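Peer 1: Before anything else, here's the structure in question.
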Amino acid sequence: MLLTDSNQFSTKMQVQVLTTGPFDQTFTYSTEGAGVTRGQVVMVPFGRREILGVVWSISENSTFEGTVKDIGTILPFQLPETSLDFIYWVANYTLIPLGSVLKMVLALPPAEFLKVLKKPEELPTPAYSFDHTVTLSVEQQQASYAIIQGAKTFIPFVLDGVTGSGKTEVYLNAIEHVLKNQGQALVLLPEIALTNEWLERFKRRFGFEPQLWHSNVTVKNKRQTWQQVLKDQPVVVVGARSALFLPFQNLQLIIVDEEHDDSYKQQEQNHYHARDMAVVRARLSEIPIVLASATPALETMSNIDKGKYHPLILKGRFAEATLPLVEIVDMRGQSRNQWLSAPLVTNIRQCLSNQEQVLLFLNRRGYAPLTLCRGCGHRFLCPGCSVWLVQHKHKGQLSCHHCGFTQNLPPVCPTCQTEDSFVACGPGVERIEEAVRKTFPSARIQVVTSDQLSTPKAIQTIIDDIKNFKIDILIGTQVLAKGHHFPLLTLVGILDADLGLNGGDLRASEKTYQLLHQVSGRAGREQKQGRVVLQTYHPDHPLFLSVQNHRRDDFYACELHQRQAQQFPPYGYLAAIVVSGLDEMTVERYAKTLARLAPNADNVTVLGPVPAPLARVKSRYRWRFLLKSSQAMALQPFLKLWLSHPSLKKATGSVRVSVDIDPYSFM
DNA sequence: TTTTATTTTCGA
DNA sequence: CGAAAATAAAAT
Ligand SMILES: [Zn+2]
Ligand SMILES: [Zn+2]
């Protein structure tokens, strides 16, 4: 009588749990744990397995009729309210399912959480010693002071200054202030800018290592960092995009360095822009955020104009003196397969005799972007994608830069069986290397692309070789343009400045300007003016003249004007839909059905569907829509309504629909 | 996303 | 006919 039917007496409460699946809804569970509140991290039975989740709300009027299961395990973690708000905001803006955003916040596999439950782990406590041997200039102090004064308020700052103007010292100084307040700071950097050099500088300044967070950090370290940020330990997390989702308990400052960098935009699966979401994160936490760059994004500049962002401008002590001398070389008279113009060769020769280093920049990996048969015209194509295979001569391979497909270069043409009949079309860095070796046989030459920098050890070896002057001529892609500073480098040759300008990308000019600015900035040092030789087929293009004359703001003004005329970002809003699938007809049919079901709205224009410029990737055919609106947050409700249209069959099997708010790629 | 239920396909 | 494969549906 006493202990029977415990259900009648126990007070089980119902809770809504958000799980880490790709769902935009919560699920109802019951629990006896009286202390369970919103934010509680749990494991719940879901289907036949247990998955991670977080309690989203308590006993909300759940409409669920079926059998309610009990929460499996209550884990010793509670997500802060700002984290939960952030999840909601990101999901709502990007249209990524709530549960998928939660997965980015929880960031670790369930087993890691269970380990901590079984045996709580000792977490290292950071110990600082502040080093003030670097003295700040007046403008650096003023900028830093402004950020510190902004503490506990949402203020987006734009730290705008050329390479060498001391942006890093400014924000490190602000971070010191946060640490002295026992607060937490987050520094976002593009993965290729997160160099040893940067870390050494941090360690010198603070006497301890920051917590690293990127794809190559071990699960163990991630587990520790995740707990440290949640437990309010005064840490500095330095990482790529994904660090933004960590559940900081006491975040007091966010830095987004190289804020214009494209890599902040996640291009696949779940599309989001880490810089923009970082601003949201700062607003929700009511803290300052610093967007640092020598070439801020036009969106950022426009936000300064609107008064939303506060500019902090660093002119730099030696800025004027170190601006490189840019020579534009007209390539139109150049004979075919002559990648190095006479003025460039002259400059290289001069450099070599002065014992100075040269960087030749070409943003294209491999030997040649296209290989064809002289006999029959056979082209090597990727079997899974509608692109040419890139020839990598060192490896004797042909590979696809979209899906990773690789094959050996065959001895005979697969179509006509002719021996030795292949012609390489167009140059990549390897081919430039070949040409440079021919012209400068005694120079020490090194090609540097992401292929060469695949491991930390390889990176360090190459960087050391460059700094110790074991290399005369560097030939590289954008990995060399970002992050590293080479003091012996005085000449930069931009082999094909036009490369990024083709293709229907609304940001092509902006991106090209930023890249050329960044790579030009590698030339020169404090004592000596650097030189840049810019090879182009459009020597009168205003973009190149702006680079030559260092008229960044004129270029920006002109570019903004054009964006306004077309109602493109930052004056209008875009979203893209990509329908993809294994069967071409099915994809086309689905896209056209989707088009027919588009809702009507005054403030939204639907363009498409059209076959994507990259018509097939990883065996999937692709069709695209582009949506335009003049109004912020108008596209999201429109898309929600559209994609949940009752007579729209759920995209099943091979057909997938992916949504990209504020797209950066239109391929 | 993962798992299970249902339908279709196709070889023996 | 029955197993395997493809497709749809469910998960609280
Ligand atoms: Zn052939
Ligand atoms: Zn491919």
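Every residue gets a Cβ built from N, Cα and C, even glycine.
Since we're looking at a predicted model, the values are computed, not measured.
According to TrEMBL, the feature Zn(2+) 1 binding site maps to A:CYS373, A:CYS376, A:CYS413, A:CYS416. Per TrEMBL, the feature Zn(2+) 2 binding site maps to A:CYS382, A:CYS385, A:CYS400, A:CYS403. TrEMBL lists A:148-314 with the feature domain 'Helicase ATP-binding'.
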Peer 1: Name, in the order they occur in the sequence, the residues of the same chain whose CB lies under 8 A from the CB of A:CYS403 (Zn(2+) 2 binding site) and which sit 6 or more residues away.
Peer 2: A:CYS382, A:GLY384, A:CYS385, A:VAL617, A:LYS618
Peer 1: Among the binding-site residues A:CYS373, A:CYS385, A:CYS400, name every one whose Cβ is found under 6 angstroms from ligand 1, counting any of its atoms.
Peer 2: A:CYS373
Peer 1: Determine which residues of this chain, when A:CYS373, A:CYS376, A:CYS413, A:CYS416 are set aside, have a Cβ within 8 Å of the centroid of the Zn(2+) 1 site's Cβ atoms, and list them as they appear in the sequence.
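Peer 2: The surrounding set, listed in chain order, is A:ARG374, A:GLY375, A:GLY377, A:HIS378, A:PRO414, A:THR415, A:GLN417, A:THR418, A:SER421.
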Peer 1: Cβ under 6 Å from ligand 2: which of the binding-site residues A:CYS385, A:CYS400, A:CYS403, A:CYS416 qualify?
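Peer 2: Checked binding-site residues vs ligand 2; flagged A:CYS385, A:CYS400, A:CYS403.
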Peer 1: Taking the Cβ of A:CYS400 (Zn(2+) 2 binding site) as the reference point, list residues of the same chain whose Cβ is under 8 angstroms away and which are at least six residues distant in sequence.
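Peer 2: Correct list: A:CYS382, A:GLY384, A:CYS385, A:VAL387, A:LEU389, A:VAL390, A:THR406.
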Peer 1: So if I measure Cβ to Cβ from A:CYS376 (Zn(2+) 1 binding site) and keep only same-chain residues at least 6 apart in sequence, which ones fall under 8 Å?
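Peer 2: Non-local contacts for A:CYS376 (Zn(2+) 1 binding site): A:CYS413, A:THR415, A:CYS416, A:THR418.
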Peer 1: From the centroid of the CB atoms of A:CYS382, A:CYS385, A:CYS400, A:CYS403, the recorded Zn(2+) 2 site, which same-chain residues not already listed sit within 8 A by their CB, in sequence order?
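Peer 2: Those within range, site residues removed, are A:PRO383, A:GLY384, A:VAL387, A:LEU389, A:HIS401, A:HIS402, A:GLY404, A:PHE405, A:VAL617, A:LYS618.
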Peer 1: Which one of the binding-site residues (A:CYS382, A:CYS385) has its C-beta surrounded by the most other C-beta atoms within 10 angstroms?
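Peer 2: Checking each of A:CYS382, A:CYS385, the winner is A:CYS382.
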Peer 1: Say we define neighbours as other CB atoms within 10 Å of the CB. Which of the binding-site residues A:CYS373, A:CYS413, A:CYS416 has the fewest?
Peer 2: A:CYS416
